[in-house]
Each structure stands twice: as C-alpha cells, then as structure tokens.
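Inspection log for the structure reproduced underneath, given as structure tokens.
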Amino acid sequence: MGGYVKEQYMRPAQQLFDEMPQRDTVSWNTLISGYAAVGDTENVMALFREMLERKVAMDNFTFSGAISGCSTMQQVRAVHGSVIRGGFDSHVTVHNTLLTAYSNYGCLDDSERVFELMETRDRVTMNAMIVAYGQHRRGAEALLLFQDMVHQDVVVDMYSLASLLTAFTSLADLSGGKQFHAQLIKAGYESNSHVGSGLVDLYSKCGSIPDAAQVFKEIPEPDLVLWNTMISGFAMNERGEDSVVCFRELQREGLRPDDCSYVCVISACADLTVPLQGKQIHSLVVRTEFVDHISVNNALITMYSKCGNLNDARNLFDRMPQHNSISCNAIIGGYAQHGHGIKALELFEHMRKSGIKPTSVTFISVLSACGHTGKVEEGKSYFRDMRKECGIEPSAEHYSCMVDLLGRAGQLDEAERLISSMPFQPGAITWGALLGACRTHRNIDLGTRVASELLRLEPSNASAYVMLSNMYADSGRWDEAAAIRKLMKTRGVKKTPGCSWIEVKKKVHVFVAEDCSHPRSQEIYKFLKEISRRMKLAGYVPDMRWALVRDTDEEERTLKLEHHSEKLAVAFGLMSSGIGVPILVMKNLRICGDCHNAIKFISAIVGREITVRDAYRFHCFKEGKCSCGDYW
C-alpha cells in the first residue's frame, strides 16, 4: 500500500486497505498521509473520524497527517482539540504541523501561541516560525528569530536558509535578498534546489524575473517544487506564455506534475485570456487523480471565468464534490465580472447558508457586483455586515469598491465624503474610481480636484491625464484638453496604446485603431462599412464624444470611431467564424462608449453572442443588449 501512496495512486491504495483483514496504526497513518498529500480533505477527515470511533491507537504521525489534510480552520481546531485530549500536546512534530497549519490559514496569533507554549523546539520549529512570519509580511520578526536560532547554536541547514528568504520576500527587500544570495553562494548552496526555490520566489515577487530565471537555470537538477516556483514566478510577472513553456519542459524532463503544478500553470492561462491553452491543461487534469482536487478546480473556475467562459466555470463549480471559500469567491467573482450581479449575490447568500465563512476577497466581489448593478442600498448593507457580522475590517480595496458603487450611481458627493472618512489615506485606486465616476457624470470641477490628488500620488499615471483630457474634450474645452496632453509630453508620460485581440482557429489576431496591417484589412473595412449602414438603419447614431478629435469634419470623425480596435476585432471574428458561433474579443483598456453601443446593435443584426473583455470586466452582448445593463 505504501508504494501506491508514494506514487499518489489512492484508489488502489484504498482498495488494498479495505481488503486488509487487520489494520494497524501504520496502515491508517499511511492512507491518511496519502490523501493529505493529494488534497483529499474529505477522505482524510473520514478516516480520522473512523479511527476515533473505532478507538484505533493514534500516534504523532496520525495527528500530523490529519492536520496536514485539513482544508478549513475549523477542521484544524477540531483536530487540535483531539491532540490535546489524546495527550499529544507536548509532541514537537505535532506542534510543528499545527504551527504551519495555523499560519497557512491566516492565524499567525495561533501559530505564535503554539510556538510560545512549546517546551521543546527543534530546527523544524524555528524554520516553520520563520516561514510563518514571512508569510504574514513580518520579515523583521523572521530575521530576529533567525538571529536567535544562531545564538542558541541551533544547526542552520538549507531549510533554515530557504526559510529566511521568505523574510526578505515579505519585506520586498531585493537589495538585502541579493546580499544574502551572495552569502549562500559562499556557503556552497548555489546549486541546492530547495534554496533555489526560495531565491526564485524572492526574485519573482520583487519583479526581477531575469534573476529568477538565472537562478533556476543554474540549478543542475531542479526538483518539482523549484519547477512549480518558476512556473508561478512567470505567471505573477505576466509572462504567461513562458509559464506554459516551463510547464511543458517539466513534463519533457520526465517529472510528474502535482496539484501545485497544475494550479500555477492554470493561473498563467487565466492571465493569457486565450481559452485554448487553459482547455488543453484542463484535458491533462482530467486524466489525473487531481480531477476532483479542490485547489485545481478553483483555479480552473477562475481561468474559465477570466477567459469569458462562464458556463464552463459554473458547470465545474456545480460538479465539485465540495467547496471552500476560494471556490465560492471564484464563481461569485466570475459572475460579478461578467455583469451578472444578481446571480453573484444569490451565490453569496447560498455560500452563507452553506456555512462557508465569507472572506475579505468575497466582499470585494460582492461589493463589485452591487456596484455594477446599481444596488446601492444593498452594497451599503453588505459593507456594514463585513465588520458587524463577519469581523472583517474594510481594506482600501473595499473602500474603493464603495466609492465606485456610489460614483456609478451618481452620488459623487457621498463618495467624496466616504473618502474623507476613511481610517487611512486614500490610495490611487480609490481616487481613480472617483475620477472614473466624474467622467461618466461629466463633473469636471470635482474631476479636476480628484485628478490632482491622483497625480500627487502617482505623477506618472497616464490614465489620470487621459481621463481628465477626455473630460475637457468631451465638454468642448479643447484648449484645456490640449494643455493636459502637453503636460503629459513634458513629464514624459506615455499613454498605453489601445489594442484588441481575438483567437480564431488557434491563432491570435491583434488590432489597433485604424489598423491596416492585417492581411485581410480590406475585407474587414468593407464588412464594417456594410454593417455600419445596417446599424444606422436600425437606429444607431455615432457618439461623437468618443471621437476626441478636434478640427476635423464629422465624416472623418465618424470614420475614426468606426475603426476603433474593438470594432475591427469584432468584424474579423464575425467574418472568420461560422453562423451563430459566439465570439470573444479582449481589450487592454476600457471599452469606449460608442463601441459599447455599436456592438449592441451588431449583436442584434447578426444574431450572434459577442463578448468583450476589457481591462475592467466582461460585456456580454446578445440580441441588442449587454449583460452590464448599460450600467458601467
């Protein structure tokens, strides 16, 4: 049975266990640890309860395995209670596992309490506590603990050194991390895979991906953990293609991906926003024992949602044997992003009734759903519930969601008062949310003040200049708009060029405004000319506010509107796919108001479902309507 468990073949291991005439503690422990390793919490807890009911003798390995297999804080606390009742509350290995578990579930205070109550601490204990401090961005305490470790003559090994790297990572101290890296080289650890994982993680999280890749390259025999860290590093630095390539190399090297490998590469596919790559990885998952693994499925739900395939995300969610808060956050966030605010809120209420405790992330999605559906009073109620019922203190992101909610509803004065009442200084995201609302509701006076605050915080924030300039242009105040553009040029601030892309027949096609580089440009423009004629017959009127061009005649401004990148991508998608086939277009910036209106008409004329994912959310156009209800 141990051989099956080692290779993570849990079905034959379970069958062998069931056929055993007599089972000793080792047999139970082996199966529990196996299920814990593959993340099968349900079977871990079932076996642990059965041992309790049958009064099977337990040892420290039993409790350590059960704790490792927990997927909620409630489960950890329940097993901890059994540890105390079983008389194992002074066992070092059990305490080490508890310390790590509490930290992983965000309860650093409990980790510290376990640490302080331990009569005996070993090197693993010290390493685990250093990692815990690093995880919770308390790098200074981690460094002090490492110094204590050295002073107490505790033997420092590669795990201790790798643990200390989390301190530099949590402090985002790239300079200190590089100095420590130099010491590691002097100590002869530059080729160690475990230490290498810590270095790759440090460099990746500090945004120095070339250094991370170089460390990885210099490890002669990287283990699976190091491969996973490199895949994750590429993903978190928006190098999704490199992440997928790294995953493929892992497979070619003969290593067997684990659940973490799949979670990392699926996350990278979500950021690629090209559905094909994610579907290919999902097809690999289906052929493994991770098909029902909760963390892998959570990543898949997020990936499908971000790639515009909400139906597959929901089907996967419904098929999952169990959910946790991350599962619920993923599907609620997906519905909120796609403009289905009511469904998102229904799922939130279902989550609460199911006994799954909402997290800080949950409320971000819930407040966003309220904001995109105009449910102002409901949003205010949920904002109050966070603190009163769930004990969650609102963060800057929650306040930004509330400012966005009030701003979208036109309650700009109340949004400004909320910012003034914040218990901390408002950041760029908060001011940006209010500035966007000022643009929507054409409040130039407030918009000017807000833009000033935003630029004080981020002088190189191109979006603030562009939005203020567009507000002036929208009101016909061209001289002031030009002055803002000139200020941008003087300060060396450059606007990100807008572009849209679409995947057709496994190839990605990218467009910019008035693009003539595509091999089928003439066909695209001819198609747009004809569809524009039909749109106007159906009642479409170009919204010249979005042309933002001065001193040109109306015909030229209309043509510029007609040739925006999202319209070009939509036209190409319709030309290149079969009748009735839905299309998905991605845009790196926010969709313009005229394009939003135009695509509603196009969806009705051609009888197609057209989804546009811009930098903020999804717009699903069908039969002349958008999922956002024009509330965006």
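A Cβ is built for glycine as well, from the same backbone N, Cα and C atoms used for every other residue.
Just so you know, TrEMBL annotations never went through curation; they're auto-generated.
Per-residue confidence over the domain 'DYW' (539-632) averages 87 (mean pLDDT, predicted model). For 539-632, the entry in TrEMBL reads domain 'DYW'.
For the repeat 'PPR' (24-58), same-chain residues at least 6 beyond its ends with a Cβ under 8 Å from one of its own Cβ atoms are 1-2, 4-5, 8, 10, 13-14, 17, 65-66, 68-71, 75, 79, 82, 86, 88, 259, 289-290, 292-295, 321-322. What TrEMBL lists as repeat 'PPR' is 24-58 (among others).
Only residues 6 or more beyond the boundaries of the repeat 'PPR' (122-156), in the same chain, are considered here, and those with a CB under 8 A from a CB of the stretch are 92-93, 95-96, 99-100, 102-104, 106, 108, 111-112, 115, 163-171, 173. TrEMBL lists 122-156 (among others) with the feature repeat 'PPR'.
The feature repeat 'PPR' is assigned by TrEMBL to 223-257 (among others).
What TrEMBL records for 324-358 (among others) is repeat 'PPR'. Same-chain neighbours of the repeat 'PPR' (324-358): 71-72, 294-295, 297-298, 301-302, 304-306, 308, 310, 313-314, 317, 364-366, 368-370, 372-373, 375, 378, 390, 392, 617-620, 626-629, 632, counting only residues six or more beyond its ends whose CB sits under 8 Å from a CB of the stretch.
Per TrEMBL, repeat 'PPR' is recorded for 359-394 (among others).
The repeat 'PPR' annotation in TrEMBL covers 461-495 (among others).
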In the same chain, who gets a Cβ under 8 Å from the repeat 'PPR' (359-394) while lying at least 6 residues past its ends?
325, 328-329, 332-333, 335-337, 339, 341-342, 344-345, 348, 351, 401-402, 404-406, 408-409, 411, 617, 628-629, 631-632
Would you mind splitting the repeat 'PPR' (122-156) into helix, strand and coil residue counts from DSSP?
26 helix, 0 strand, 9 coil
Could you put numbers on the helix, strand and coil content of the repeat 'PPR' (461-495), residue by residue per DSSP?
26 helix, 0 strand, 9 coil
